[in-house]
Amino acid sequence: MLSENTINIVKSTAPLLAETGPKLTAHFYQRMFEHNPELKDIFNMSNQRNGDQREALFNAICAYASNIDNLPALLGAVEKIAHKHSSFLITADQYQIVGSHLLATIDELFSPGQAVLDAWAEAYGVLANVFIQREEQIYQANQSQTGGWRGLREFELVEKQYESAHICSFVFKPVDGGSVVSFKPGQYLGIYINDEQFENQEIRQYSLSSSVRPDCYRISVKREEGGRVSNYLHDHLDVGSKVKLAAPAGDFFLDAAPTAPVVLISAGVGLTPTLSMLESLTEHQAPVTWIHATENGQQHAFKQHVKQLVETHPHFNSLVWYNQPNSDDKIGDDFQFSGWVNLHEIETVLKQADVQVYFCGPVGFMQFIAKQLLEMGVPEQQFHYECFGPHKVV
């Protein structure tokens, strides 16, 4: 429990932090990696270079400072971050390292005096304990389930298949021959890459792209321009290759009542978590609407698979948008609409009181979808989204 004095001091520093901007977290990361270079094996250095991680941490620090007297308002963010941390196998000792560099950063940038530093130390300690306890719960839950494990487990790539021009699926089975822990449709898998071509260990999270299977996991990865790990997986990971995986995690998952209509919306490789959901809804008691947007037929992943699912399950419906169809893309067969997704095409579904909407794709696409949902009166608590990479609010 934080003292009133600590709460007041931390809240009073919030405007100063906001004014400083991501310069605060840039200084923090530079300091931490200089003194603790081993942490480069944990953090995604690509997100450091493009500034996404600095921005995400800055937003989190400002949110904590502003809501320190209303911690329940942060529970959603805590859950999201705790799941991501569990995929990175974050430990309690690492929270101490981060805390020491955060306090040193505040001191070096602002020289606020010992009272402010003590207040931030107390506030950080409380927040760190919340994360440590929640992450321990996640670790124990994964370990205690059938097929579960804690830490890393070695898997072998047993199948590699291209789903479109840029998206490739990878199926992994455990080397020990055992079963694998179940997951909730929409969650992701942590993959650890150690290769001499990389200066540091590279860790990435990729959405599981199929329904639950007892002995394997499937991820489907888009080759990103300049993407170190995605290109490595496409070009160098072959059937028979071994990788180490962390157990499934993530707070974005299918959680709809059996009688609630479900709408799954995706763009590009954002279909990976929603495809896992679709495959898991074959026995659902209410209509399921699949909406997917992509550039054209060449980039349309899982086209035949989804078409077959829709044809064999009467409660499934599919609408596809191509942004720039090729000359051989057939409207009415390959896709139904061109241009940007217009949710008014399913307005009747979205007007149902208990509808649940799940969407994933580029941030701009998700902002566009969220805007339409709000304009159509869909309550915020009934739509759910996933950002690939550091979280952004849409």
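Backbone N, Cα and C atoms are what each Cβ position is placed from, and that goes for glycine too.
Model, not experiment: these values are computed from the prediction.
The domain 'Globin' feature in Swiss-Prot is assigned to 1-136. According to Swiss-Prot, the site 'Involved in heme-bound ligand stabilization and O-O bond activation' annotation covers TYR29. Per Swiss-Prot, the feature heme b binding site maps to HIS85; the stated evidence is sequence analysis. For 147-394, the entry in Swiss-Prot reads region 'Reductase'. As annotated by Swiss-Prot, NADP(+) binding site applies to GLY268, VAL269, GLY270, LEU271, THR272, PRO273, with the evidence given as sequence analysis.
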Pairwise Cα distance for VAL269 (NADP(+) binding site)/TYR29 (site 'Involved in heme-bound ligand stabilization and O-O bond activation') [Å, integer]: 30
Across the region 'Reductase' (147-394), average pLDDT on the 0 to 100 scale: 97
Among VAL269, LEU271, which are binding-site residues, the residue with the most C-beta atoms within 10 angstroms of its C-beta: LEU271
Largest tally of Cβ atoms lying within 10 Å of a Cβ, found at which of the recorded positions TYR29, HIS85, GLY268, GLY270, THR272: THR272
LEU271 (NADP(+) binding site) to HIS85 (heme b binding site) - Cα separation in whole Å: 23
Extra residues within 8 Å (Cβ to Cβ centroid of GLY268, VAL269, GLY270, LEU271, THR272, PRO273), NADP(+): SER207, SER209, SER220, LYS222, SER266, ALA267, THR274, LEU275, ALA301, CYS360, GLY361, PHE388
Distance from TYR29 (site 'Involved in heme-bound ligand stabilization and O-O bond activation') back to GLY268 (NADP(+) binding site), taken between C-alpha atoms, in Å: 32
Packing count at PRO273 (NADP(+) binding site) (other Cβ atoms within 10 Å of its Cβ): 29
Secondary structure content, the domain 'Globin' (1-136) (per DSSP, counts of residues): 114 helix, 0 strand, 22 coil
Cα within 10 Å of HIS85 (heme b binding site) - qualifying recorded positions among TYR29, GLY270, THR272, PRO273: none
Rounded distance in angstrom between the Cα atoms of THR272 (NADP(+) binding site) and TYR29 (site 'Involved in heme-bound ligand stabilization and O-O bond activation'): 31
Rounded distance in angstrom between the Cα atoms of GLY270 (NADP(+) binding site) and TYR29 (site 'Involved in heme-bound ligand stabilization and O-O bond activation'): 29
Residue pair TYR29 (site 'Involved in heme-bound ligand stabilization and O-O bond activation'), PRO273 (NADP(+) binding site) - Cα distance, angstrom, rounded: 31
